[in-house]
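Here the structure comes first, spelled out in structure tokens, and everything after it is commentary.
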Amino acid sequence: ILQNEVQMSAFTAIDPHTNRTVWIPFFIRAHRLPEEIQTLYPAFVAAEVLGQMLALIACSLAVFVYYRVCALHFNLAQTILNAIYVAIPFVILRFPLILMETGVIRYESLADDVIIIISLIRAFLFVSLYNFEINIAVERYFALKYVRTYEKVKRRHISLIILTINNLYSLAIAYLLTYDYIHGFIYVALTCVANNFALVTFLHSAKKNELIRMKLIQFRRNDASYTISYRWQLQDNARSARELRILMIGCNCIINFILPVMFVPALIFDHDPAKSGILEAAKLFYQVISAYVFVLSAFYLTFIIQKHRDYIFGVTTVEEFTHAAELSRTDNRMIADTEKHFIRLSQEWKVDRTRKIPEIVEITIN
């Protein structure tokens, strides 16, 4: 009975080693497609391959620009780059499946070991990608919590902890989904709720950061606690929030639309023989659309940052960005050197650095 049900399914197979049902959502059986779509199948494959190649190019460009310009805080940059690192193998692992689907590489059944392993890895990468919004929201929360020292004290362990937890969670969910220990409805509902909560958290942190910044500017201009690094970090948080707001809202819309629309019907009608061809066509459409979504997302992640656009279009040379990075994104050694420089100047000018100067001093730097 189980074998008959699996044979009618578009998404499941039986692992011969464990005799358990496994979830195979990324493999398309072309012979099951409706006849009117089978004639267009080569065109769909060509469009998908083109999209996947463009996605790899766009992701490579994003990684190059992020490391070349270094315009963001280390934790924020690593959190964004992690999504690109995950997207690259997710795209690459689609190619062997395409070769199997088109008959270039022969396979015995949907329960082939290679198909199951690739499906498990892609499920892990898929879950990790859909946690992108949550990772950004958590990182921005810590940027606000440690706003006074977030620039001077790098706290690189924050991004390490966020991404480690993300990977462990994604691996666990991918295994449970692939081997049918949890129902897909649970994952879809959990992901949608978590990402909506992450969006609310991100917007709340951005609003709170802006309120703090405006309050300090208006009422605490002469407060000694309002240091240059504190002010700079508030400005940087506000700038990052403006640049990432549209991205976060867009990701939220994609997650809340794609997950229910693409997977809920599959979970409902999977064992209906009359719906098998439609579900295979839905998987085909999803693969083509997702390829170009990756292209747009990678380009957007690259061009959303003003300094990235300036570098790409030649407005500012990379040497200027490198110099700016050395001054603004300093490590502890640079901070120590700067502190020594100010101590030396205060001794030469015979000025007490701890004394509060009531006058406003304007300095113009050419």
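Heads up, the Cβ atoms here are built off N, Cα and C, so glycines get one too.
The following features are taken from TrEMBL:
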TRANSMEM  49-67  transmembrane segment
TRANSMEM  79-99  transmembrane segment
TRANSMEM  114-138  transmembrane segment
TRANSMEM  158-178  transmembrane segment
TRANSMEM  184-206  transmembrane segment
TRANSMEM  246-269  transmembrane segment
TRANSMEM  284-305  transmembrane segment
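Tertiary neighbourhood of the transmembrane segment (246-269): same-chain residues 10-11, 25, 130, 132-133, 136-137, 183-185, 188, 191-192, 195-196, 198-199, 202-203, 275, 278-279, 282-283, 286, 293, 300-301, 304, selected by CB-CB distance under 8 Å and a gap of 6+ residues from either end. In this chain, the transmembrane segment (184-206) lies out of contact with the transmembrane segment (79-99); the count of Cβ pairs under 8 Å, excluding pairs fewer than 6 apart in sequence, is fewer than 3.
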